[in-house]
Structure formats: C-alpha cells, structure tokens
Amino acid sequence: MEPIEQQLTELRTTLRHHEYLYHVMDAPEIPDAEYDRLMRELRALEAQRPDLITPDSPTQRVGAAPLTAFNQIRHEVPMLSLDNVFDEESFLAFNKRVQDRLKSTENVTWCCELKLDGLAVSILYENGVLVRAATRGDGTTGEDITSNVRTIRAIPLKLRGDNIPARLEVRGEVFLPQAGFEKINEEARRSGGKVFANPRNAAAGSLRQLDPRITAKRPLTFFCYGVGILEGGELPDTHLGRLLQFKAWGLPVSDRVTLCDSPQAVLAFYHNVEEDRPTLGFDIDGVVIKVNSLALQEQLGFVARAPRWAVAFKFPAQEQMTFVRDVEFQVGRTGAITPVARLEPVQVAGVLVSNATLHNADEIDRLGLRIGDKVVIRRAGDVIPQVVNVVLSERPEETRPIVFPTHCPVCGSDVERVEGEAVTRCTGGLICGAQRKESLKHFVSRRAMDVDGMGDKIIDQLVEREYVHTPADLFRLTAGKLTGLDRMGPKSAQNVVNALEKAKATIFARFLYALGIREVGEATAAGLAAYFGTLEALQAASIDELQKVPDVGIVVATHVFNFFAEESNREVIGQLLAEGVHWPAPVVINAQEIDSPFAGKTVVLTGSLSQMSRDDAKARLVELGAKVAGSVSKKTDLVIAGEAAGSKLAKAQELGIDVIDEAEMLRLLGV
C-alpha cells in the first residue's frame, strides 16, 4: 500500500469513529476544530488522488446513522450539510468560485445568519398543522421526534396567516439557551442526576428523550433557517424573503439575519457577530452565508454532500491555559494505548475542561510535555480539547517526565510499538479487559453484526462480571443471565436474546468487519469477502494473494494474514460458526467469469432504498462484480435511483448514463 493510501485509510477510520460519537451518541471526544482539520486533510489527500476516493469515505456522505430507539423517517428531500471555511482568505476564495460559476463580475447578495450549536431538525406542516418532526440523522434517514418537538413552546403546532402551502417542511435548529443550560445542570447537581458538558449535548439529550414529559421540562427553543418539502403553495424567490414569510406564519427566526451586498460586508458581519458572541445568550460556532437569490442557488446547484451556494464560516477554536497534573493511559479496541492529560480544571468556551487526549508518544515528544507543565489547550464546542503547546517560559521547577508504560495498564501484558507506527499497543488481545470491551462493542455495532439493544453499558457489565470473554460467548447468553444485569428486566433481556438470534444470519462482509481486524473497514471487508468468496479461502490466503484484492496493500494484507494465523482467533471463529452464525455464500469476483449485468461496471447509488439497506445493496453489487462509486462521472456505467434521488440522477441524465430504479435493481439481483 502506498503511503498516501495508508494515510487515507487512517483518516477515514478516525473520522467515522468521531462522526458516530458526535451524531449518534451525542458524546463527542474531540473539538469541532480538530474534526474539521481531519476532514480538510482527507479532502486534500483525495484531491491529490481522486482515484482513491471510496464510496464510503466521510467526504462522500452527509453524516451518521440514527439510533434505533426511535422510529426512523426517510427525508423526502435530503438534509445536506454545509462546507466550512475558517479564515477570510478561504471565504474570499469561495466568493470567487461562486462568481466564476455564475459568470458574473457583479457582487452577489448574501444572506448571513448565525450558525447555531444545537440539533438540526425537520418539521413537516400539512395544511398548516404540525404532523411530523425528525432529526437530521445521516441526512437521508432521521429519527421521529414528533412528540418531543410538540413540547417546545417556540414551535407552533399550527401556522397562522394565509396562503400556507399544503405541505411545508421547515428546517431549523433546536438549541438550549445558556440560562436554561445552567438551570438544568444546577438541578442535576442537587438531585444527583446527569450534568451535561455543554448546551448542545443538553439540547440533544433533551430532544431525544423517549418520554416527552422530560423534554417538556427542558427550556428548549428553535430558529428556522430553511425549507425542504414544498407542495401546494409558493414561497418568495429569495432566502431572506422566505425567512420573513416563515416569521409571518408564526415560526421563530433569528433577529441577526442580515443581507450583505459584498464580500467585505460579509466579513464585517462575521467580525461583529464574533465580537457579540459572549452576549448572545446561546452558543454559536460561526456564521452561515447563503446566496440570497433562489434562482442563483438553483443555477449553482450542489456537490455530493453540500450546496455550492452556501458555506459555514466558522470561528477559531477558543483557547485557555492550565496545568497538566497527571497523565493516564487508556487502552482501545485494537490495543492502542492513548495517553490522556489530567488537567487543572479550567473553563473553556463555557465548559469546565479537566482532560485532553495526547494521542501518542510522538505527540508528547513533539510538545516536549512534562507533568506539571503549564499548557495552552484549545476547545471548539465539544468535550475533550487538544493541547496546543507548552508554555516553556512558565515551566515550574517541579515538573517530571512522562514515562510511557512498558506493560499494559489494564492487563499487565507487554506493550509493543511497530516500527513506522506512532501507536503503542497492548499485546494481550482478548485477555485484556479493556480490549475485550471495545472489541465486543465493535462486534455488536450496527454496521457489524447489528445486535439491536446491546449497548455499551451492557457490554461493560458482561465483561466486568466475566459472563463474556469472546464474541462467541454473546450467543450463549440466556435471558435469565441478562436479567441479573443493572436496569435489565425480563422483557428487555428476552429482546436482547432475540436480537442475538436474529444477528446470527448475516453476510460474509459484515462478519469480517465485525471481527475487528486492524485496518479492515467496511469497504475492505466487502472487497475481501467478494474476492475470496469463502472464509476457508480467505484464511488460507498468503500475504501476496491478499494484495491481489483491490485497495489492499502490504500493511492491510499483513494484518489480515496475522489475524488468521493466530490460533486463538481461529478458535473464536470456529465457536461463532458452531453457535450458528452463518451467511449466504458470496459470489467470487471475476468480471470475466461472472454472469451478471453488474459485472465489471461502475455503479452509483442515489436516493433512498426502501427494500434493502444501502450497505447491503453495495455489498451485493460488489459480490456480483460491480465497482460501487460515490459520484457520477463519464466513467459511470449505471445509476440506481431510489426515492428522492437528487443531483446524481440529474447528472446521470445529462450525461446519458443508464438509470434503473430500486425495483429493477432487486430484479437483477434476484431478490
């Protein structure tokens, strides 16, 4: 594998992890600024090598998948995200791109708004009556939060006024003002309840309560900023006009919305808002800048995951100084040992910060960090900040060096650092309690074996009570044993047992991904499954044979080979099969031999599928010899268009590319 391929793999793995924590669990571990930096780095590398862009890259999608505790709702019009800029130069470059695409030398009129730090929602009104509300989710599918949204007093249950469209989907942000956030935390401290890290987490936690009565007690509010579905009516032909119309119908709109007729005016707006930020009474992390004219918006169109006519201009991450009191070491799923700085607690952007990740030994060396040092930390709205630098001029005399452990802090096994890698790892494997927990959490996750209802807290208890040591042990659990866990009644226990039984029927690619082999993500697992066809063939493959799989280089091939060479891993796999885990035999990829209409073709999926998940469709297409791409180009052979297919479908039609619908895809797949 080329160095750039290795970088791309690591970046995508890291970004997917943090997307899950942020969008699904509402428990982010890194600041927005660090996530944005990682995304910029990934975009830059993919721009250098567009041939290495994969359909499942974070740059080719909108967000993350929703939880299954709520009913899922498919957005008829996808809820796209915005691209970001971080400085004046980048904004001016964006402004120029817009003018160049419009072939205009005249200034564009911009509509500028606050970028609220809350939770994006969609609210559907039919004949003026609120009938449905959903979270953004992954942009295509969200969670049904209608009952909770109805409790927010700022959101009208019925619109007022005349000429209201028959179906109108309003989009906006639910957020928690600072005063309400402080009140919730005060009450939590008194009652021993959960104290939220910041207003965004509090808003998300409040909005996603299964009991609407809890949501009703939280002082949530809402500003609208856009529209999705529009049927049986008309709206003004400018963005500002639409916001004013929403306000006339009784929907709340920020009073800081401003029209700017030049890029200089936009910059002035940005700096004014930045200056006023501490006095607003609620959290924002930048401003949103949109082309005001709807006709020009339509002319500009969209890229894969964002409109070309809008951008988020984000504020710089906020910084404070504090002291490092100690460094502890945490162990992850693959044995990676991560140093964590324990800080003298300090308020950063309204949140009390007491720890920061230090990533690895190289980062500690780069910083020249010692325990007791005064450091600058940076935070951009989330929980765990980053250490920017050491204030050497104020280094206390009593500092001491940070000593990386030679044995795992959890299980006592030896640690190793492979030459050329930055990460130090525990060699204990599944005898290590920390690795065991994280491995099992990965195994049951939605994109792996998809065991509904088996959350992190259940896994923690199962490992701590020594009920489970390997993934195979999960399938031996009984409802009686599960009932003994905290907050687990007989009905819930039986539901988990049923979910485990259901999960036994999987597909080969998911099973491989669930095993947690280093560097083997979903795309690589699908490629391995499709190429070798059977578990036996994959287990017997040499490193050279493994490298014949598309996008598998020497590093990944070595990890896969070593995994299957380990007797304990083969034993666990045998136990899983003995417990009834099974999958249909995949078709081996060989475009010359496969009798399939998809063999050797580059296929693009767009829109929502109703009969099959997108992941399963991709896996099946790959098994039948297709290459699934994330964007439409002249090299695309076929586009499969589901419901609410958007710009990809339009581009396919423009290029004269063959298009089929979901029903035809299922027929060709033999489903």
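The backbone N, Cα and C atoms fix where each Cβ goes, glycine too.
The shown structure was predicted, so the numbers you read here are calculated from the model rather than taken from an experiment.
Features as listed in Swiss-Prot:
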{"type": "BINDING", "residues": "D32, A33, E34, Y35, D36, S81, L82, E113, R136, E173, K290, K314", "note": "NAD(+) binding site"}
{"type": "ACT_SITE", "residues": "K115", "note": "active site, N6-AMP-lysine intermediate"}
{"type": "BINDING", "residues": "C408, C411, C426, C432", "note": "Zn(2+) binding site"}
{"type": "DOMAIN", "residues": "593-671", "note": "domain 'BRCT'"}
For the recorded positions K115, R136, K290, which one has its C-beta crowded by the most other C-beta atoms within 10 angstroms? R136
Among the binding-site residues listed here (L82, C432), identify the one with the smallest other-Cβ count within 10 Å. L82
Which is it, of D32, D36: the one of these binding-site residues whose Cβ has the most other Cβ atoms within 10 Å? D32
From K115, C408, C411, C426, C432: recorded positions whose CA lies within 10 A of E34 (NAD(+) binding site): none
Between K115 (active site, N6-AMP-lysine intermediate) and L82 (NAD(+) binding site), how many Å separate their Cα atoms? 11
Within the domain 'BRCT' (593-671), what mean pLDDT does the predicted structure show? 80
Name the residues of the same chain, 6+ apart in sequence, whose Cβ is under 8 Å from the Cβ of C411 (Zn(2+) binding site)? C426, G428, I431, C432, G433, A434
Between R136 (NAD(+) binding site) and C408 (Zn(2+) binding site), what is the CA-CA distance rounded to a whole number of Å? 40
Across the domain 'BRCT' (593-671), DSSP labelling yields 27 helix, 18 strand, 34 coil
Give me the Cα-Cα distance between C408 (Zn(2+) binding site) and D32 (NAD(+) binding site), rounded to a whole Å. 31
When the binding-site residues C408, C426 are compared by other Cβ atoms within 10 Å, fewest goes to C408
Other CB atoms within 10 A, centred on E34 (NAD(+) binding site): 22
Helix, strand or coil for C426 (Zn(2+) binding site)? Use DSSP. strand
